[in-house]
Amino acid sequence: MAYIYSGLEVLNRYRILNLAGFRKVLRKYERVTKIPVLEAYMEQKVEPSTFASGAVVAAMLKETERHFAMRFERGDRKKARGNLRVGPSSKTHHFSTFRSGLWLGLAIPAIAGGSYLSFQEHTRGSLPSWDILLYIYSILTVPILLSLLIGVNILVWTRKRINYAFIFELNPRSRLDHHEYFELPSLLLCTLAYAFWFSLARIGPPMLWPLIWLALTLVVILNPIRSFMWGPARWWTIKNVAKLGACGTRDVRFTDVWLGDQCCSLVYSLSNLYFVGCFYTRFANYVSTYDPQVQEAWSTCSVTQNWTWYYLLSMLPFMVRFMQSLRRYRDSKNFIHLINAGKYTIAIIYYLCYFYWKHQGSPHTGKSYILWCFTAAVNSIYGCAWDFLMDWSVCRPHARYPLLRQELVYKSHIPVRSLVPTSLMPLTMSRS
């Protein structure tokens, strides 16, 4: 509907431009010939013509506004008109690109310095919590890296003219392009990198820097000021992530499915959030990071002692996708959604077996080990088969280019074909 409305607006502006052109030409003719023909010619020749009348276009604009208000804005015509009317964009992105590059460039020496210090014997000897710090920073880094890769996705979509704003139902007036999007993940990566370096360089309390970074991140993301760092885009993300909590009770849109899949990529960070909370509530308040007693956190907050919490956190994204698949089957009666639900059921069972095996002490013999290996194999085969055959639509034996899909997005099939073997290993490893 937004595209129909935009096309009607273009047509209406073209009509106005034509009328203005006739008037300018006739005025110039009057100045040259000294003959007053403007009013007569416009009244007798131009205004009666079909293109000069805007009644049909105006009626179609109002009808589109009415339908949009009824279906998307609960009858609010004013709000519908505001969302449909999008003026031409004249933004430049020189400063956005500069700031993103600045943050990423500043992060490199901090990451290099912190990584170097983590391998030094004097750091490990004088800072007993060095391994806990590395573990916590790895948990915090994964979501930032994922957000940067999403920015790469947006860049590719833009280059390939994929209208992601329409697909994700974004407000065209407040949506971010890839130049603007990269700023926030780059800033968060830069601040996290310096927190990492400060911790291992022992500048201030080492264990305090992850908490400072978390507080800064929450302030930036949850800030209610709309003019502060792309408020509409931030709140669009927060609102749609919150809607995942009501999965199964509402219609499933593409945005819900896509966000659910991104959360499945964050299982490592989600499941280990328990360790972060456990450590800071039980140890950081009364045990110094320079005290060897801090190593007790590995046993007190470990999977072995608290496997149920780790499991519940890890299965949340898969449960969301499972409920979404069931809802889509209920709405469409398409059996393929039940097969998709089976994939997430296997993933939920796999993580149950995995964390139970960890609870048993990670033995390499016994029933728990055999059950974990079996579910890991089934989960990997099931998940990879779905990804290749359904999500990617590759491995088509009768396609123009064997083992690829019928229609190719990229001009050359060689780089696309190379994705199949190179992606099989990380996909299999992530599911096993």
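From the backbone N, Cα and C atoms, a Cβ is placed for every residue, glycine too.
The domain 'SPX' feature in TrEMBL is assigned to 1-43. The transmembrane segment annotation in TrEMBL covers 101-120, 132-156, 181-201, 207-225, 335-357, 369-390. The domain 'EXS' annotation in TrEMBL covers 301-432.
Residues of the same chain lying 6 or more positions beyond the ends of the transmembrane segment (101-120) and with a Cβ under 8 Å from any Cβ of it are 130, 134, 183, 186-187, 189-190, 192-194, 196-197, 199-201. Summarised by DSSP class, the composition of the domain 'SPX' (1-43) is 38 helix, 0 strand, 5 coil. On the 0 to 100 pLDDT scale, the domain 'SPX' (1-43) averages 83 in the predicted structure.
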